[in-house]
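**Q** Have a look at this one before I ask anything.
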Amino acid sequence: MTNLRKTHPLMKIVNSSFIDLPAPSNISSWWNFGSLLGVCLIIQILTGLFLAMHYTSDTMTAFSSVTHICRDVNYGWLIRYLHANGASMFFICLFLHVGRGLYYGSYMYLETWNIGVLLLFAVMATAFMGYVLPWGQMSFWGATVITNLLSALPYIGSDLVEWIWGGFSVDKATLTRFFAFHFILPFIIAALAGVHLLFLHETGSNNPSGLCSDADKIPFHPYYTIKDILGVLLLILALTSLVLFSPDLLGDPDNYTLANPLNTPPHIKPEWYFLFAYAILRSIPNKLGGVLALVLSILVLAVVPFLHTSKQRSMMFRPFSQCLFWILVADLLTLTWIGGQPVEHPFIIIGQLASILYFLLILVIMPITSLFENNLLKW
């Protein structure tokens, strides 16, 4: 008798994706982050669902409804902090996942990579709108500053901003629609992740060497299911440690103050995972230029496959490119630090230099270095 998992219409899909999937025998722990992102998404959807049962998206009651969740709902504080810090874990996994793709040349799978870039935008949009919902000072002013950037667009800018706000400022209409979008977007992300996997399974996984691994495949289960479970346990350990020991470590104290349109906080800044893009935005004195740089800081990832000049796919055997990759990582950490600093000397010039270096590395220096490495190997 044929195995049910290979014949049943539904089980067949699961089987070909997670059980009998042929996987390269040498993929390292850097390939764990896909499954970790899936777990993060499930955690966020579940905790978000329970939060939505008690949350009210009205400017008069939003802040107190979050307080009510933390004080009066059974384990409400736990659900709230799991959701808030789960977002941080989500972004840590995302950045490591993208970094892995850049290092090992996974971007050569064009469809998978481009859907990944789209997913990154969708997750960032979701996180931004989620940050507005508690209706604290940083929620309100963050929403005001970031949505106001759209007014830099020629002709349609100011109309577009008022259309998004649903009025002449960030108010009840804005909060209500942000809540609606924040609720629906994770399901769109889940669907996109399904398409991401679909395209990945068309080609099969890349591996650290960047070479074709068709001659040496092993079944996904039990080898990589066990490996993924270990990764998930470590993720849950990190998340629960953060939630139970230092839940406010990554938050902003200003968000424990009720939103007040008449009182501007001294330093308006987004959550830590947006600080690198925020630093790039601030480093350009022109409003429209800043907005373009902000969008391009993420969109530049879509151009990376077309700038691949090396004869080798992975950076595993390319020491010069490796060096530049780690300079890029250091540059992004510098930008993250600068994004959280006030706009004053010497932070302004450091931010501008780091922003220029970021784009130069990706668009110019790395492709030229790859050509140089080809010549070194007489290819």
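From the backbone N, Cα and C atoms, a Cβ is placed for every residue, glycine too.
Because the structure is a prediction, the values reported are computed rather than measured.
Copying in the features that Swiss-Prot gives for the protein in this structure:
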BINDING   HIS83, HIS182  heme b b562 binding site
BINDING   HIS97, HIS196  heme b b566 binding site
BINDING   HIS201  ubiquinone binding site
TRANSMEM  33-53  transmembrane segment
TRANSMEM  77-98  transmembrane segment
TRANSMEM  113-133  transmembrane segment
TRANSMEM  178-198  transmembrane segment
TRANSMEM  226-246  transmembrane segment
TRANSMEM  288-308  transmembrane segment
TRANSMEM  320-340  transmembrane segment
TRANSMEM  347-367  transmembrane segment
**Q** Thinking of Cβ pairs under 8 Å, which stretch from 33-53, 77-98, 113-133, 178-198 has the most of them with the transmembrane segment (288-308)?
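**A** Selected stretch: 113-133, with the most Cβ pairs under 8 Å.
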**Q** Among the recorded stretches 77-98, 178-198, 347-367, which has the greatest number of Cβ pairs closer than 8 Å to the transmembrane segment (33-53)?
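**A** Selected stretch: 77-98, with the most Cβ pairs under 8 Å.
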**Q** Applying the under-8 angstroms CB criterion, which one of 77-98, 178-198, 347-367 scores highest with the transmembrane segment (113-133)?
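**A** Against the transmembrane segment (113-133), the leading stretch is 178-198.
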**Q** Quick one: Cα separation, the residue listed as 'ubiquinone binding site' versus HIS97 (heme b b566 binding site), in Å?
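**A** One finds 17 Å between the Cα atoms of these residues.
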**Q** If one looks at the chain holding HIS182 (heme b b562 binding site), which residues at least 6 apart in sequence have a CB under 8 angstroms from its CB?
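**A** Expected: GLY48, THR126, MET129, GLY130, LEU133.
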**Q** Counting CB pairs under 8 Å, which listed stretch among 178-198, 226-246, 347-367 touches the transmembrane segment (77-98) the most?
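**A** Counting Cβ pairs under 8 Å, the winner is 226-246.
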**Q** How big is the gap, in Å, between the Cα of HIS97 (heme b b566 binding site) and that of HIS83 (heme b b562 binding site), rounded to a whole number?
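**A** Here the two Cα atoms lie 21 Å apart.
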**Q** Starting from the Cβ of HIS201 (ubiquinone binding site), draw a 10 Å sphere and report how many other Cβ atoms land inside it.
**A** 14
**Q** Across all the protein chains here, work out how many other Cβ atoms are within 10 Å of the Cβ of HIS196 (heme b b566 binding site).
**A** 21
**Q** Determine the Cβ neighbour count for HIS97 (heme b b566 binding site): the number of other Cβ atoms within 10 Å of its Cβ.
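**A** HIS97 (heme b b566 binding site) is surrounded by 20 other Cβ atoms within 10 Å.
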**Q** Quick one: Cα separation, HIS83 (heme b b562 binding site) versus HIS196 (heme b b566 binding site), in Å?
**A** 24
**Q** Just how many other Cβ atoms lie inside 10 Å of the Cβ on HIS83 (heme b b562 binding site)?
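**A** For HIS83 (heme b b562 binding site), the 10 Å Cβ neighbour count is 21.
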